[in-house]
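The block underneath contains the structure these notes are about, expressed in structure tokens.
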Amino acid sequence: MKSWIQGTILGDTIRLLLGSRWLSYPEDDPTFDIRQLKCASCLDGHSHRDLESGQETFRYAEKLSAATKTDKSLIIDWYTPDDPENPLNWSLGRKAWVIILISVYTFIVYCGSSIFIPSYEFMMHRYGVSLEVVQLTLAIYVVGYGVGPLIFSPLSEIARIGRNPPYVLSFILFVIVSIILAVIDNFPAIVVLRFLQGFFGSPSLASGGASIQDLFSLIDAPYGFISWVTGFYCGPALGPLLAAYAVTSDWRWPLWEIVLMGAPLLLVIVCLLPETSHETILHRRAQRLRRFHPAVLAPAETKRLDFKVILIDALIKPIEIAVKDPAIAYMCVYSALVYAIYYSFFEAFPITYGGIYQMPQTMLSLIYLSLIVGCALAAVLYAAYLKYIFIPRCHNGNPSQEDRLIPALAAVWLLTAGLFMFAWAARRSVHWIVPTIGIAIYSGSSFVVFQAIIVYVPLSYPRYVASLYAANDFIRSIIAAGFVMFARYMYLDLGIGKGVTVLAGLSVGGIFGMIFIYLYGARLRARSKFAVGD
């Protein structure tokens with residue numbers, strides 16, 4: 001149990017207030033002899049000179065004495081290949097626990113976007129505003145959680161900070177804003193607070209992927225991504241369902257539901273979410289060792305980072321990569337289109353099932369379950385693909401980075417087919433289950449597409465992965481917010497059939513884009529100054 005609390009916000013606070021004798025590490029013992037241990041990544045017994053820093057990285061920890069007696073510094077690393085502090089070596093149960101917390105965190109934030117939808121009608125009457133104005137409460141929330149990662153994700157890459165502080169501090173503010181939202185009675189204030197709610201809830205939406213990468217090798221990481229993507233995919237779908245029955249008692253109840261979900265999770269995260277950033281864990285190890293061995297440095301401490309570098313890597317570099325690198329440009333544009341279409345369903349469903357099929361609000365909310373059914377089936381099939389096809393191939397050889405896109409090559413066709421099926425079957429003469437099946441097909445196939453994109457990007461652009469995730473989230477969110485505001489008018493003017501057909505036609509371009517990246521991605525990376533080869 002001690003190891004589960006070490007590295008959490010609660011554990012760090014206990015050590016700060018009560019001293020290092022509580023939840024102690026081996027390095028806290030003055031008799032701890034680092035010379036008996038070897039650095040995990042340094043088993044060849046040689047030394048390596050970092051030409052930029054002018055310091056020598058000693059391959060064996062017993063070199064510490066010599067390093068201390070000279071002007072050289074020891075760059076600390078994992079002690080052994082099975083170092084228990086290395087997140088890659090944590091037990092499967094502990095890894096699963098971290099993934100569950102990150103996934104539930106992500107689910108709650110995404111659920112908060114759509115949970116407000118059943119309250120629209122009540123707000124229109126209470127505040128005397130139009131539906132278009134009320135829709136701002138959804139659009140501005142989406143903008144908020146798109147902007148937030150541009151700030152929070154780069155912070156989580158700084159070794160002195162790590163993943164947990166941005167998670168916890170922002171989620172505390174998320175819960176506080178959610179409580180204020182549930183009691184305030186002023187529409188302009190509600191709109192502003194909805195932006196802040198999305199903004200403060202955003203860290204897990206981009207950094208969650210980085211946390212999962214901390215836990216697994218490149219081969220096994222897709223298993224963790226399945227849970228995380230399920231969280232952000234099912235959140236918006238379940239929001240209206242959770243609120244549909246509560247809103248009949250009070251239109252504010254959906255807002256209280258966010259508090260009731262978020263506050264308990266906040267306590268669990270504070271107490272039981274360990275730090276996963278490798279650089280942060282080694283940085284803290286170096287701090288403990290320096291109490292007795294001043295020559296010790298963490299790997300991150302050899303890098304000369306200033307605010308300008310962080311700002312460029314966080315905001316400028318992802319835009320530059322997207323402009324100059326066709327693969328990233330495609331991934332951003334196509335994932336934004338798929339995500340925006342997903343959010344347009346919040347306008348299409350009431351028109352289709354409430355208008356054409358005359359379903360009541362509670363029954364209509366159940367239609368959103370089709371998105372979850374499609375996602376669940378796709379998750380099972382994708383996991384089976386990993387276990388029985390992809391991972392055995394990895395053990396038998398070295399697959400190319402484009403091999404991660406193979407599931408998406410089939411999914412992009414099904415995605416478009418599902419949209420056409422929904423568009424052409426949504427009419428009174430066709431049973432409502434038929435267009436609903438089309439939605440499930442779209443949901444499952446787009447889930448696989450997102451999985452492929454999330455796995456592919458960090459392999460090619462590892463240095464900028466957090467910022468690229470944040471930039472992708474920003475682009476997706478901004479376009480989705482725009483779709484929320486205009487999709488209703490498009491569906492009313494063109495009709496559901498023609499309106500969704502237009503979107504399906506746009507998605508056809510994604511088919512050829514995915515095929516092109518699969519065939520020529522290696523050549524594009526070879527010409528890119530940002531990418532890393534196979």
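The backbone N, Cα and C atoms fix where each Cβ goes, and this holds for glycine too.
Features reported for this protein in TrEMBL:
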DOMAIN    98-525  domain 'Major facilitator superfamily (MFS) profile'
TRANSMEM  96-118  transmembrane segment
TRANSMEM  138-155  transmembrane segment
TRANSMEM  167-184  transmembrane segment
TRANSMEM  224-247  transmembrane segment
TRANSMEM  253-274  transmembrane segment
TRANSMEM  327-346  transmembrane segment
TRANSMEM  366-385  transmembrane segment
TRANSMEM  405-426  transmembrane segment
TRANSMEM  432-457  transmembrane segment
TRANSMEM  469-490  transmembrane segment
TRANSMEM  502-520  transmembrane segment
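Taking every recorded stretch in 432-457, 469-490, 502-520 and counting its Cβ pairs under 8 Å to the transmembrane segment (138-155), the highest total belongs to 469-490.
Contact counts against the transmembrane segment (167-184), taken as Cβ pairs under 8 Å, peak for 96-118 among the stretches 96-118, 405-426, 469-490, 502-520. For the transmembrane segment (366-385), the residues of the chain that approach it from at least six positions outside its boundaries are 222-223, 226, 230, 233-234, 237-241, 342, 345, 349, 353, 359, 407, 411, 436-437, 439-445, 447-448, 451, judged by C-beta separation under 8 angstroms. Here the transmembrane segment (469-490) has long-range neighbours at 131-132, 135-136, 138-140, 142-143, 145-147, 149-150, 152-154, 202, 205-207, 209-210, 314, 318-319, 322, 331-333, 335-337, 339-344, 346-348, 351, 453-454, 457, 499, 502, meaning same-chain residues at least 6 beyond its ends whose C-beta is under 8 angstroms from one of its own.
With Cβ pairs under 8 Å as the measure, the transmembrane segment (502-520) is packed most heavily against 405-426, out of 96-118, 224-247, 327-346, 405-426, 432-457. When averaged over the domain 'Major facilitator superfamily (MFS) profile' (98-525), pLDDT in the model lands at 89. Listed stretches 96-118, 224-247, 432-457 were compared with the transmembrane segment (327-346); the greatest number of C-beta pairs under 8 angstroms is found for 432-457.
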